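Working notes, beginning with the structure itself.
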Amino acid sequence: MAAPRCCVLWRVCGRGWWRATGHCRLPGCHRSWPWATLGTRSLSQEKRAAETHFGFETVSEGEKGSKVYQVFENVAKKYDLMNDMMSLGIHRAWKDLLIRKMHPLPGTQLLDMAGGTGDIAFRFLSYVQAQHQRRQRRQLRTQQNLSWEEIAKKYQNEEDSLGGSLATVCDINREMLKVGKQKALDQGHTAGLAWVLGDAEELPFDDDSFDVYTIAFGIRNVTHIDQALQEAHRVLKPGGRFLCLEFGQVNDPLISRLYDLYSFQVIPVIGEVIAGDWKSYQYLVESIRKFPNQEDFKDMIEDAGFQRVTYENLTTGIVAIHSGFKL
């Protein structure tokens with residue numbers, strides 16, 4: 001059951017204040033008030049701590065958030081088409097594999113973070129619907145005494161074709177969500193979907209709410225990846241699974257050289273021709289190179305509290321699927 005609105009506001013605002021104040025020195029707390037250590041830190045250290053990267057550019061943390069928002073606001077309407085063009089359609093196979101690796105059953109509660117255009121959510125719904133229909137057929141086969149009319153009526157009376165499954169699509173960008181909602185209507189996905197405007201670093205959901213958390217090609221755009229991972233861990237139920245599909249680092253020198261050539265010389269040109277936006281796709285290419293390699297990202301997932309963390313390289317490591325469990 002969803003929390004009352006007042007509780008949600010407290011969760012969002014209250015938790016944000018709690019983090020901002022750094023907790024306290026009361027028994028059981030492990031962090032001091034932020035001003036307790038300011039005297040020992042130089043202004044240059046404070047400045048560096050507030051800096052991050054936007055592609056290859058060094059920017060303030062606040063500036064990165066607004067820049068990333070602008071990128072996806074600009075590309076939202078051409079986002080899916082550009083994915084097809086940039087990957088030659090291979091991204092579809094990667095996402096299909098992510099769903100097969102998840103193997104969701106009817107009743108699964110999914111949170112798809114940074115999932116604005118709905119690619120993962122729609123695949124999830126199609127998969128669980130097929131699973132639910134297979135389960136129904138098995139059940140009907142065991143009821144040998146039913147007539148065909150009774151079987152047909154039983155199917156007609158089935159109101160929930162998803163077996164109670166729900167895909168919650170959460171994205172920080174309104175334009176991406178707008179595109180996803182329109183796609184859902186166009187593709188006939190009318191049930192089992194929820195659309196939420198939210199920040200990966202401060203999710204507007206209760207603890208232990210979801211069975212699976214997915215994020216596909218989104219986590220490298222987050223300013224504080226460690227906070228996003230901690231939030232993923234928080235909102236998953238005990239036993240829940242974290243799955244991340246993201247670009248990786250290619251180890252083969254020859255393939256890496258060809259990949260760099262294609263990424264830096266071809267993708268921005270495609271972005272300019274198809275979407276009329278060179279700079280946004282230049283950033284997206286640079287953001288891939290700034291993202292941690294597969295082993296380092298695995299360590300970050302473990303640091304967030306996940307266990308049994310593994311990853312699988314796809315297409316020679318151009319992308320990888322990382323998996324972890326909240327145990």
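Including glycine, each Cβ sits where the backbone N, Cα and C put it.
The transit peptide feature in Swiss-Prot is assigned to 1-49.
Listed in sequence order, the residues of the same chain lying 6 or more apart from Asp171 (S-adenosyl-L-methionine binding site) and placing their CB within less than 8 Å of its CB are Met113, Ala114, Gly115, Gly116, Leu177, Gly180, Val196, Leu197, Gly198. As annotated by Swiss-Prot, S-adenosyl-L-methionine binding site applies to Thr117, Asp171, Asp199, Ala200, with the evidence given as sequence analysis.
The Cβ of Asp199 (S-adenosyl-L-methionine binding site) has 19 neighbouring Cβ atoms from other residues within 10 Å, across all protein chains displayed. Taken over all pairs of the listed S-adenosyl-L-methionine-binding residues (Thr117, Asp171, Asp199, Ala200), the Cα spread reaches a maximum of 16 Å, rounded to the nearest whole number. According to DSSP, Ala200 (S-adenosyl-L-methionine binding site) is assigned to coil rather than to any helix or strand. Secondary structure from DSSP puts Asp171 (S-adenosyl-L-methionine binding site) in a beta strand. Cβ neighbours of Thr117 (S-adenosyl-L-methionine binding site) (same chain, under 8 Å, six or more residues apart in sequence): Ala76, Tyr79, Asp80, Met176, Val179, Gly180, Lys183. Taking Cβ-Cβ distances under 8 Å and a sequence gap of 6 or more within the same chain, the neighbours of Ala200 (S-adenosyl-L-methionine binding site) are Met113, Ala114, Cys170, Ile172, Ile215, Gly218, Ile219, Val222, Ala228, Glu231, Ala232.
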